[in-house]
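Single-structure report; data block below.
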Amino acid sequence: MSDERVTLKNGLKMPKFGLGCGAITRENTVCVVNAAIDAGCRLFDCALLYGNEPDVGDALKKVFESQKVKREDVFITTKLPMIGNHPSRVEHFLKKSLANLKTDYVDLYLIHFPVGFEYSEEEVFFPREDGRIKLDYSTDIINIWRAMEDQVKAGRTKSIGVSNFSKEQIQRIIDIATEPIANNQLEVHAYFQQKELRKFCKDNGITVSAYAPLGSPGRREAFIGSQGIPQVMSDPIVAGIAEKHGKSTAQVLIRFLFQDDVTALPKSSSAQRITHNFNIFDFTLSTDELIDLRSLDKGEVGRTFNYLEIFEGLDKHPENPLAPAS
């Protein structure tokens, strides 16, 4: 596997390909983490609200103790949960993630979503009332960012970034930041390429990583909007390119993002599928093939994580990232 890396604005190097840990279950964590390491994966994308940080942390600790790889050779990302979107709670939740992951630091800490949820209990990541998520309408992303910067100064994270943030929200942070935004993690796949936002990030030295690079066919039902799961893996153009190279459509879609300077983070709970997904370094997409794949972009119609449906009332929140640009 290629060890190609992208350089973050603070000089830290992040692998161009990694494992999204959201689908890993307790029973198969050790198997999955070892399969990823053996396949050459050196980036593990975690989050407190995935609920499996302790298991991933245990598995990685065993890998490091076995001296198969060193901690400094692995890039660990985790994220501030929405109930932690308050300056006074950033440090607490990062320390909790560090304890879970059995590490003194993470390489990248992201604000998982720009909208805060009301904090009630430590483990209630999606607080509800009458079936609706309880949104915190006082969310202050500027002061949250300042608290994130404090975590860099304290050595708990080497870099900080955001996830699901809009251009306008990113610009507001850029205007006051003393620590650069290293990364913006977004839904990106062939049907939803977010070209304008990605260009804005690139112009400002912000790398982009992609969740749902295959359309997230295995996501939880609660996160499936009315548009359903995109059938990007069965698209005839993708299938034709895959057949030409003797590859699967998943491998073509991941290779597409890799060549388009997006760090793909496919999720899987299968060691066999992880090994398969990571096998993208023995072929290269041609210029014409890249053009064909870029032409599949459906714009907003291709968005499948429709947070306006998932989080009812989001349209009234001042930090709604899907609000039309002013």
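Placement of Cβ uses the backbone N, Cα and C atoms for every residue, glycine included.
Keep in mind that this is a model prediction, so the values were computed, not measured.
Mean pLDDT, taken over the domain 'NADP-dependent oxidoreductase' (17-297), works out to 95 on the 0 to 100 scale. Residues annotated as domain 'NADP-dependent oxidoreductase' in TrEMBL: 17-297.
Summarising the annotation, TrEMBL assigns active site, proton donor to Tyr50. Long-range Cβ proximity for Tyr50 (active site, proton donor), meaning a same-chain Cβ under 8 A and a gap of 6 or more residues, is found for Cys21, Gly22, Ile24.
Taking the Cβ of Lys79 (site 'Lowers pKa of active site Tyr') as reference, residues of its chain lying under 8 Å away and at least six apart in sequence are, in sequence order, Cys46, Ala47, Leu48, Leu49, Tyr109, Leu110, Ile111, His112, Ser163. As annotated by TrEMBL, site 'Lowers pKa of active site Tyr' applies to Lys79.
Look at His112 (substrate binding site): DSSP puts it in coil. Taken from TrEMBL, the feature substrate binding site covers His112.
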DSSP-derived structure type at Lys79 (site 'Lowers pKa of active site Tyr'), helix or strand or else coil: strand
All-chain count of other Cβ atoms within 10 Å of His112 (substrate binding site): 21
